[in-house]
Amino acid sequence: ACLGFGEKCNPSNDKCCKSSSLVCSQKHKWCKYGW
């Protein structure tokens, strides 16, 4: 399963939910909206 908004993530292995336009923040290491 992909990671939801605000969940901890790894920028080098981004598992945030792309269908929700989420990307892993390089700075904060959590999933945020990428727009």
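Cβ coordinates come from backbone N, Cα and C, glycine included.
Positions annotated as disulfide bond by Swiss-Prot, on the basis of similarity to another entry: C2-C17 (among others). Residues near C2 (disulfide bond) in space but far in sequence (CB under 8 A, at least 6 apart, same chain), listed by position: K15, C16, C17, K18, S19, L22.
The disulfide bond feature in Swiss-Prot is assigned to C9-C24 (among others). Using a 10 Å radius centred on the Cβ of C9 (disulfide bond) and all shown protein chains, the other Cβ atoms total 21.
Taken from Swiss-Prot, the feature disulfide bond covers C16-C31 (among others), and the record attributes it to similarity to another entry. Around the Cβ of C16 (disulfide bond), a 10 Å sphere holds 23 further Cβ atoms from the protein chains shown.
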Query raised in the report: Which Cβ among the disulfide-bonded residues (C17, C24, C31) has the fewest C-beta neighbours inside 10 Å?
Result: C17
